[in-house]
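Before any comments, here is the structure.
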Amino acid sequence: MADLDLKAIRDTLVQLARRAGGMIMDSNYNQNFATDTKLNSVDIVTETDKAVEEMISTSLREAYPTFSFMGEETWKPGVKIGPEPTFVVDPIDGTTNFIHGFPHACVSLGLAVDRVPTVGVIYNPFLDILYSGIKGGGATMTTRAGGAAIEKRLPLRRDPAPLSGLGSALLGVEWGSDRQGTNFELKAETYRKLTASKETGGRMVHSLRSLGSAALNLAAVAAGQMDMYWEGGCYAWDVCAGWCILVEAGGIMAGGNPGVWEPELDGRKYLAVRGAPAGQKEIVQEFWDVIGEGKLEYQQ
Ligand code: IPD
């Protein structure tokens, strides 16, 4: 790790993310083009997902031949991330948004070292917003206005407010592709308890948001635009880049099930909290209390 040039790796990932963004915007998204499904009718993959992953994996294997590579479209069930430097890549995170032309899809490029998210680059080509983070080196968000790049450090607020509990929180959640069974029931019940009025036993959070991309949800928490994000069912490639950016912006990643303070990168159950001078652990505990006895049952 000591001899890895993380800044050079970040710069390579930024270049690739922008190139991939060009491929995404050049494709026929939102034009009834061919899609394929994986687990069920809402777990969708397109030719563009595959072409972008091919371009990224070929480029990274050339540039870093000794590193491992894990990508959403070529991963085989059972394969886990090892301790060696590993690129963890989602060519299009938010494929459902992509095929609907809903402008929240991104390229998510992470590097894990010792299974720890170490470099992260997320690029949303629809809105031309790029997030990046390097372990120990901070996180930034780059937008463009009038042709000029504007780079801001994350979180966007210089003095993030303390977290004062779920009652004043804006939370990211996702439905995922399981639409029946234990995980689906637990999500639906948790969303009800989070949003219901205090008089009826709920926490009455400010509201719930679903950006449709785990990476963009994590980027929003890192930026301080959402207070938390809870997800069960997504994979390491959905969260690796965003996790690095989150931590570099002062956030924490806990587990999606109660009691897990140190979740695994490929554990598939996550609870992210924004950077704040106080209240991070308390709000995690409060969220876990809402889950109660339930448990997300996604397996690695
Ligand atoms: C999906 C998105 C979505 C999340 C799913 C992921 P994909 O990734 O991140 O927000 O809820 O669990 O699978 O399929 O668009 O790459």
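Numbering starts at 1 and runs along the chain as displayed.
Using the three backbone atoms N, Cα and C, a Cβ is placed for every residue, glycine included.
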Residue among Glu72, Glu248, Glu262 sharing the Mg(2+) 1 site, where TrEMBL lists Ile92, Asp238 as binders: Glu72
Secondary structure at Ile92 (Mg(2+) 1 binding site), reduced by DSSP to three states: strand
Cβ neighbour count within 10 Å of Asp238 (Mg(2+) 1 binding site): 26
Cβ-based neighbourhood (8 Å from the centroid) of the Mg(2+) 1 site, residues Glu72, Ile92, Asp238 excluded: Asp49, Val89, Asp90, Pro91, Asp93, Gly94, Thr95, Ser108, Ala215, Tyr235, Trp237
Rounded Cα separation (Å) that holds between Glu72 (Mg(2+) 1 binding site) and Asp93 (Mg(2+) 2 binding site): 9
Rounded Cα separation (Å) that holds between Asp90 (Mg(2+) 2 binding site) and Asp238 (Mg(2+) 1 binding site): 6
Fewest-neighbour residue among binding-site residues, criterion Cβ within 10 Å, set Glu72, Asp90, Ile92, Asp93: Glu72
Three-state secondary structure, Asp238 (Mg(2+) 1 binding site) (per DSSP): helix
